[in-house]
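Working notes for the structure below.
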Amino acid sequence: MSNTDIAASVKKHQDEMIAFRRDLHAHPELPWEEFRTTEKVAQALAEIGIPYRLTKPTGVIADIKGGKPGKTVALRADMDALPVQELNDQLSYKSQTPGKMHACGHDSHTAMLLTAAKALHEHRDQLRGNVRLIFQPAEEIAQGAIEMIKQGAIEGVDNVFGMHIWSIAPSGKISCNVGRSFASADLLKVTFKGRGGHGSMPEACVDAAVVASSFVMNLQAIVARETSPLESAVVSIGRMDVGTRFNVIAENAVLDGTVRCFDIESRERIKAAIERYAEHTAAIYGASAQVDYTYGTLPVINEERSALLAQSTIRQAFGDGALITGKPTTGGEDFSFYMENIPGCFALVGTGNPEKGSDWAHHHGCFNIDEDTMVAGAELYAQYAYNYLMQDEF
């Protein structure tokens, strides 16, 4: 078995891969509702001859046993869709479910991993070790990876690899950084309680709208003045719910936002600063504040040896020009929870192609992928697993 054999096997199954992806695209399922998708994946694995087990409520874990003893590498694909109305009316495989759409490419991830599984299974006798396949639900709400880990997804696993289709990067390019890849992604809710009253008598009230507005403005100093310019962080308020009527001074204000950063120390420092700013801003106006801070995903920090292996795999399979490295993204990925336990790395497979309309932002109703890039994604899954198992230094 060689890398060329893997490439040939993936190419052989290209049409099946695209058809499978289109079927999933037409039938999107939200987090923890991926019942049809789970059934389709299980059926495909059974047809290949790969043993699997179902996780609850959705998800699949499968194993390809190599013909020779060795380590175990895990490959992960997420399966869930988004509550987005698809706007791609020209597609024959447009979502058939109003208000639900594969607007982030998880349909392609699932199809690519299945195709990689076919290629690896065809050459399993020559594998020096085993391959764990993780078809994960509920990535979009940052709950799926944790649940899969609880149900044994990485038991006995030595290394883990994942990827994401990426419309920001051009088709034909693949990114895999050493170190920082994705930021942590936390949820923030701040509630201010003032004292309502008639809009004509503000002196008798504590205006929660003023408190909330002042807090939002003050909040920007956390990144500007309490975070090192050599560190990256984002503190954003995306929603403010305040007031009930034009002539009633608001008694309550509720703000929702997000915090993104790349290390745990910064994360804790920013959390403490938000709590301090909320308390003191409220006190200035005679109001009270409650901060509910929910930890989301951890930062994805690619382990050095794993990332270097992925980079060499990309260059070997697709040429030196295919590999790109650069700035990490402040998006979140619950793949980070796998890497909290074992080494691994995460890659981004470029799918941006204006001529094919595949350069729309993720989560947009016009999002779509350049299906030609799926071959590279499937091959990278399989090639990484093969190269990892054949590397003596690991």
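Yeah, the Cβs are placed from backbone N, Cα and C, and that goes for glycine too.
What TrEMBL says about a protein is an automatic prediction, not a curated fact.
As recorded in TrEMBL, the features of this protein are as follows:
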BINDING   CYS104, HIS106, GLU140, HIS164, HIS363  Mn(2+) binding site
DOMAIN    189-283  domain 'Peptidase M20 dimerisation'
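Reduced to three states, the DSSP call for CYS104 (Mn(2+) binding site) is coil. Cβ neighbours of GLU140 (Mn(2+) binding site) (same chain, under 8 Å, six or more residues apart in sequence): LEU30, PRO31, ASP78, ASP80, ALA81, LEU82, CYS104. In the three-state DSSP assignment, the secondary structure recorded for HIS164 (Mn(2+) binding site) is strand. Summarising the environment of HIS164 (Mn(2+) binding site), the number of other Cβ atoms within 10 Å of its Cβ, over all protein chains shown, is 26. Least crowded of the binding-site residues (HIS106, HIS363), judged by neighbouring Cβ atoms within 10 Å of its own Cβ: HIS363. Other residues of the same chain near the Mn(2+) site, with their Cβ within 8 Å of the Cβ centroid of CYS104, HIS106, GLU140, HIS164, HIS363, are ASP78, ASP80, LEU82, HIS102, ALA103, GLY105, GLU139, HIS362. In the three-state DSSP scheme, HIS363 (Mn(2+) binding site) falls into the coil class.
CYS104 (Mn(2+) binding site) counts 23 other C-beta atoms within 10 Å of its own C-beta, drawing on all protein chains shown. For the domain 'Peptidase M20 dimerisation' (189-283), the model's average pLDDT works out to 96.
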